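Some features that TrEMBL has for this protein:
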type: DOMAIN; residues: 5-134; note: domain 'Photolyase/cryptochrome alpha/beta'
type: BINDING; residues: TYR228, THR240, SER241, PHE242, LEU243, SER244, PHE283, ASP383, ALA384, ASP385; note: FAD binding site
type: SITE; residues: TRP317; note: site 'Electron transfer via tryptophanyl radical'
type: SITE; residues: TRP370; note: site 'Electron transfer via tryptophanyl radical'
type: SITE; residues: TRP393; note: site 'Electron transfer via tryptophanyl radical'
type: REGION; residues: 608-641; note: region 'Disordered'
Amino acid sequence: MSSGGCTVVWFRRDLRVEDNPALAAGVRAGSVVAVFIWAPEEEGHYYPGRVSRWWLKHSLAHLDSSLRSLGTSLITKRSTDSVAALLDVVKATGATQLFFNHLYDPLSLVRDHRAKEALTAEGIAVRSFNADLLYEPWKVHNDEGRPFTTFAAFWDRCLTMPYDPESPLLPPKRITSGEVFRCRPDTLVLEDDSEKGSNALLARAWSPGWSNADKALTTFINGPLIEYSKNRRKADSATTSFLSPHLHFGELSVRKVYHLVRIKQVLWANEGNKAGEESVNLFLKSIGLREYSRYISFNYPHSHERPLLGHLKFFPWVVDEGYFKAWRQGRTGYPLVDAGMRELWATGWLHDRIRVVVSSFFVKVLQLPWIWGMKYFWDTLLDADLESDALGWQYISGTIPDGREFDRIDNPQFEGYKFDPNGEYVRRWLPELARLPTEWIHHPWNAPESVLEAAGIELGSNYPRPIVGIDAAKARLEEALSEMWQLEAASRAALENGTEEGLGDSESMQNAFPPDIHTDMDHEPITTNHNTVRRYEDQMVPTLTSSLLRVEEEESSLDLGNSVDSRAEVPTNINQAPRRDVFDQGAVHTVQNNANLSQNIMVGIRNAEDSTSESSGSRRERDGGVVPVWENGSGTSSSFLQRHPRSHQLMNWTQLSQTGNLALFVSHKSVRFRPTSLVILVMFPQYKDHKLRGGANAAKPDLILIGMVIYAIILRNPPFQKTNRVPDTSGASLPSSCILWNHIYSSAV
């Protein structure tokens, strides 16, 4: 056993011993101490859901078993601060080096920089590596050195890079263990007693762990891959790879997936197997979309919170608790949507095509705030993945340059006959419709009474009528889009004139998460709230958890990635709701918005201090810790995000310095990383001294003050409260190429 000077290898979402660059480098350097730190409070409202925690529990056990067979073990630590826990491990074991693999979401970028800064100050050498991507984000750019904003351009550049992705590394033959006995591990409680019954069902379908991931990859390549292009449109087929959870937790190396699939591509090309070649191309494109999700998250760190197309900040989302509950329960009256939501609840999984259907219905038909859908998917999907989630919802909502048109509504009835033509999928998850003939299976509301009676179906009783008519939804969407463009034009004109700045402030009109959105089963009957309100805001980006997104030229698809009381509660923080009239469309129950513009704006800005961090994913205690509920930017625990509550919000990476001080503008507040500490510098200068970033030079103080008074009178709410935000007038512009890694990972290999 080593007498000291060992290397701490920090495991995160790289739970494997094969093709793990940080572990391989640690083994080459000498003795190794492997550590995993469970600090979910740092994730704010992205606290992992039940099924995700179940997977993590078994994946960690599998990794520990593998490490023990190689000569060491995995130290697990429970903390509210990963950096503090790392320092404790380093001091206890006498380590002189810290190695870890890169992550690309904003939360991890900030945390990793803190770790490097704090340990370097203690004389510890820190190195980081690429273990999650084919190419690092800063190596893929256009001819002008700027990041791509469309997937096609990005993936084309990846495929034409002058060098292939690195070959995967073999697992080490033996690991020399550091003095792990000096650091007592903590027992991680990743599931409670109430969850074990439902989790037992997951073990029948899934086998977490890196060696099991390797088996799943081999099975897919030697089986379903060849017919991937043919069968991937079937909602009730097993032809998808089912690899996205393994990829999210880093049990499977994306480089290994790429190289093995490329070998098949060459073999089938030599055999003239056109179907096999097409399948490989489509599957590699799904790998490329996973790659692209990290690329977007790195270059545009606000992409998990805000649309990349700025005009969508003005879209008037509908706030309706009844709609939200009906969607979660799978009781919308549209069989394909309902079957998908019930499968998600029961299994933690959805076919990529069904994910598109249910998410599109949520955003386009119900027009609910996508942040609610994001949080529910985050809590219930096995493959919940922040980067892929952000890209998926941006795509579905048409908020990225190459996303779906926002005014496009897919009729679930037609989607049903396209992806489930025989109704087998619907019958499996909606037993109340099992006896309905295929002719009516995707639109039972049109079936004759005699057919419904023979099938034992009573619409409105044992199966609901459609919650919203498609024609009515289209009309409502057109109206909302018209209002959005009017607001966007008015805001742009006001900004250009330098007389008004508040209307386009993205932060002041954000919807927080529903305050009690923990995964609790809804047993109560659904009652649609007709006092529904629209909110005009820069909505946070929803998540369509998808490690393997699929895109075609004309019709894109994405791979978005429980039976006890554990489902999301409906939002309860709706303080004001303009009256909405109910009108009858035959058998279809539809709600029409009659709220006037000023009412909507007033409601949208009612909680002007709300931020994306102000509602945690849960208030329940898990593993001895309480997930913080953010209120006006202050956390309720001593976690990292309490001390830096806005560190995971919009970051303008173009402000980064490479001279030792790393400046980030987070939600219009300056965050400066110094060599020894992370300090939040909240700027409170007099408002009249501010300059409008988007204007030409400085705005005149008198005009600004007059505008503030008028703005306050109209909206009955002071445009700036104690937070004194600086206006964001960037509109739809995107930050330039991110240079963060040149500073944070300057010693990376």
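Placement of Cβ uses the backbone N, Cα and C atoms for every residue, glycine included.
Worth saying up front: this structure is predicted, and the values here are computed from it rather than measured.
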Nearest by Cα to PHE283 (FAD binding site), of the recorded sites TRP317, TRP370, TRP393, is TRP393
When the Cα of ALA384 (FAD binding site) is compared with the Cα of each of the recorded sites TRP317, TRP370, TRP393, which one is closest?
TRP393
Out of LEU243, ALA384, which of the binding-site residues is least crowded by other Cβ atoms within 10 Å?
LEU243
May I ask which of the recorded sites TRP317, TRP370, TRP393 is closest to LEU243 (FAD binding site) if we compare their C-alpha atoms?
TRP393
Whole-number Å distance between the CA of TRP370 (site 'Electron transfer via tryptophanyl radical') and the CA of TRP393 (site 'Electron transfer via tryptophanyl radical')?
8
Could you give me the DSSP helix, strand and coil counts for the domain 'Photolyase/cryptochrome alpha/beta' (5-134)?
65 helix, 27 strand, 38 coil
Where TRP393 (site 'Electron transfer via tryptophanyl radical') and TYR228 (FAD binding site) are concerned, what is their Cα separation in Å, rounded?
24
Please compute the mean pLDDT of the model over the domain 'Photolyase/cryptochrome alpha/beta' (5-134).
96
Indicate the candidate from TRP317, TRP370 with the smallest number of other Cβ atoms within 10 Å of its Cβ, considering only these recorded sites.
TRP317
Can you tell me how far the Cα of TYR228 (FAD binding site) sits from the Cα of TRP317 (site 'Electron transfer via tryptophanyl radical'), in Å?
37
Mind computing the max CA-CA distance among TYR228, THR240, SER241, PHE242, LEU243, SER244, PHE283, ASP383, ALA384, ASP385, which the record assigns to FAD binding, rounded to whole Å?
23
Helix, strand or coil at PHE283 (FAD binding site) [DSSP, three-state]:
helix
Integer Å value for the Cα distance linking TRP317 (site 'Electron transfer via tryptophanyl radical') with SER241 (FAD binding site) is 35
